Amino acid sequence: MASGGGYRNGTQKAPSLRTSSSFKSKLPPSASSNGRRSSTIDAVYGRVRVSVRLRPRNAEELAADADFADCVEQQPELKRLKLRKNNWDSDTYEFDEVFTEFASQKRVYEVVAKPVVESVLDGYNGTVMAYGQTGTGKTYTLGRLGDEDASARGIMVRSMEDILANICLETDSVSVSYLQLYMETIQDLLNPANDNIPIVEDQKTGDVSLPGATVVDVRDQQSFLELLRVGEAHRYAANTKLNTESSRSHAILLVQIKRSVPGREADFSAETDHSSHLATNYKPPMLRKGKLLLVDLAGSERVNKSGSEGHMLEEAKSINLSLSALGKCINALAENSAHVPVRDSKLTRLLKDSFGGTSRTSLVITIGPSPRHRAETASTILFGQRAMKVENMLKIKEEFDYKSLSKRLEVQVDKLIAENERQQKAFEAEVERIRLEAQKHVTEAERNYAEALKEEKMKCQVEYMDSIKKLEEKWSLNQQKPTNNVRTDGTCITEEVSELKMLLQNEMHTRKAAEEEINKLKDQQHKFTKPGSAGGNSDILNLQSMLEEEIRRKKRLEEEVIVLRSQFSQLTMEAGQRTSYLDRSRNGTGFPGLDSLSPLRNLHYKDATNGERSSITNLHEQVGLHKILSLLESEDATVRIHAVKVVANLAAEEANQEKIVEAGGLNSLLMLLSISEDETIRRIAAGAIANLAMSEANQELIMTQGGIALLAVTAADAEDPQTLRMVAGAIANLCGNDKLQTRLRSEGGIKALLGMVRYRHQDVLSQVARGIANFAKCESRASAQGQKAGRSSLIEDGALPWIVQNSNNEASMIRRHVELALCHLAQHEVNAKDMISGGALWELIRISRDCSRDDIRSLARRTLISSLTFQAEMRRLRIEL
């Protein structure tokens, strides 16, 4: 028996589809009142219901189509599927149901066949048919017995289970015929000797019958399964390139049901009037006849693909001719053609009632996912689309005894008329009684309302008079209060004036005493300092000379401080002007490399004449480096600020960095960063450390002296964006050292760097992005050299979400650094899964396509191509670079 591959329960998410036309069924419920009344007069229209089922890939397709995406995309929640024309275009179709490759046999039956089976039990004709290319699962869907796995049972087995569960074996009967149409010959699968069964058509009703077919009564499910096994053993099948057990004939299972309908007259009277108990119910015999056709069509195929030769070639021609004739009939019915060529094939004659007749028809078309068979898949889909336009006129088959029914209805009408008259009189009497009672209630309510209104009016008058009395009493009291207030206020003012006079007199006495004391001290000082008053006391002269020398030294220091202040004020002003000028000039320019000098070099600028450099150099040479460093410990905050500015500007010049470190400048800056509470000093000290951190030798020294821990603490405490920019710049410089990766992370450098993104300041984020890019570059280099294994430390510390979020930042400086960080992280295969789940794959694809930097774009493209994990995910998502 042909099997198109296994199916599993589940659904698959489909991409969005373009808008396409849809068809709405006009089929009413199977137990409608119109269908119950007559089999020859009343009828309802029902469109052919079409479902599509996708077969999973088989082993051959998985090997052959490994590098190609499926040509079919499904959207089962919208009942749509998309058929790819090429890589950039596709067609969208809608069906009554779309089953994915994971749809269970049970769900397929409940959607496709169960409504038809219920209609057949109600007395209608029904047809369930499977159509599709060879090897797409038609026989699996309809004829699977499910001996090994009960969940794999097909529509034939499940239909008989429902039929046997809903009939009474004592009064009802079920008979089965199992046939095959092989090379335009109808053969009996239950009796192979009966190999040429004629088709007989009733000239009056147009019903098609097969009088020569074997008919077997079915009483239980086991006997039915035995019949199916016998029929499948006699069915023609062959091995082709498309299917190892390809069906070479159309299999037709004919199930006829006869049901007696006791109590139908009671149902009819209940529909007419709820007083059905008034009618004497002499029910005539009644019978419903339903016929169910389950058709497993042979698969359409192309000879060059199936490899059919000899006799198999003749079989294929016969199959294709019969399916072609069926397609022509459906086209004619869909287009409302005057002529429908049903006599072109025995298959179309057998299915005359199923398409355009009185049968309720459900069609399931089966397709495969392989792009190699796109033409066959498109043909199958178009066949289903045309079949959806075919409408059948459903008719129930019942037999009534109209004479007895007429008599019974006449009696019932007479009784209903009498009952109606009696109820009319009772209704009028009840209406009169209710009117009198309502009039009585209204009169009583009016009387109660008048009494209540009178009482409420009296109550309000009493409350009003009480309120008037209370207001008069309050008014009298208020008239007496002003006199008392004037007296009291006057007393208070007098007391305050007296207290003020006493305080003023005491203050004058105290001041006079202080002036007298000052005069006495001046006289004593004059006597003490008068020449010769102490006979030329040598101690006093020495003290005076020391005091004068100290005053002169103090003046010299003050002059030096004034010079420093003036020079640094000028340098600071010029540096700020150059910063704004450089920021404006850099807008729109290329992004500097990660290994270039830090942006913190803005603390020191050069012009054509090197005026600033010469000023600082002269200051350094004149005053001395040790003298400048000693001013970092001055108690005067202004002096410390200017001193640290000098050190920061000197540190921006590579020639001075070694001297500053040798003179203990790095230790002083770290100490100043740890103990100072002044935000300006901390900002400039961090900038000086960042400048020193540009040297690889200084980087190890900074780490040894605990500099990263101090920078991390400063980053946590600082609120000024410029201070954070300096700290982030220092850490970013340290991130570029391959030897310090492990220690930098263990001492909290990476967490401090990531913590600074909370301020969302562009300058801070730019330095954070530079540090992350430097760290990722060193990690990538270590992984390539075999020095590091496992996931990136950045991913473990939670940096990936921020990187993905800012990979398309509006600021070009931030965006370029983050793009480089993503490329370096992606070069290590162990990071690929985390980057896919974190959304980094889409950003890498964007970078490989849209990045303005050629080197970054090429790096992203090489990384995506070289990663097996990324390649597999892009194939799954059908993305091409």
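Even glycines carry a Cβ here, placed using N, Cα and C.
Lifted from TrEMBL, the feature list:
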- Gly132, Gln133, Thr134, Gly135, Thr136, Gly137, Lys138, Thr139: ATP binding site (BINDING)
- 406-455: coiled coil (COILED)
- 497-574: coiled coil (COILED)
- 9-38: compositional bias 'Polar residues' (COMPBIAS)
- 47-390: domain 'Kinesin motor' (DOMAIN)
- 1-38: region 'Disordered' (REGION)
- 623-665: repeat 'ARM' (REPEAT)
- 664-707: repeat 'ARM' (REPEAT)
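Listed by sequence, the residues of this chain that lie at least six past the ends of the repeat 'ARM' (664-707) yet keep a Cβ under 8 A from its Cβ atoms are 597-598, 600-601, 603-604, 625, 629, 632-633, 637, 640-641, 644-645, 647-648, 651-652, 654, 657-658, 713-714, 718-720, 722-723, 726-727, 729-730, 733-734, 737, 739-740, 743-744, 747.
Just so you know, the Cβ of Lys138 (ATP binding site) picks up 30 other Cβ atoms within 10 Å once every protein chain is counted.
Just so you know, the Cβ of Thr136 (ATP binding site) picks up 30 other Cβ atoms within 10 Å once every protein chain is counted.
When pLDDT values are averaged over the domain 'Kinesin motor' (47-390), the model yields 85. Every protein chain considered, the tally of other Cβ atoms within 10 Å of the Cβ of Gly132 (ATP binding site) stands at 28. Summarising the environment of Thr134 (ATP binding site), the number of other Cβ atoms within 10 Å of its Cβ, over all protein chains shown, is 27.
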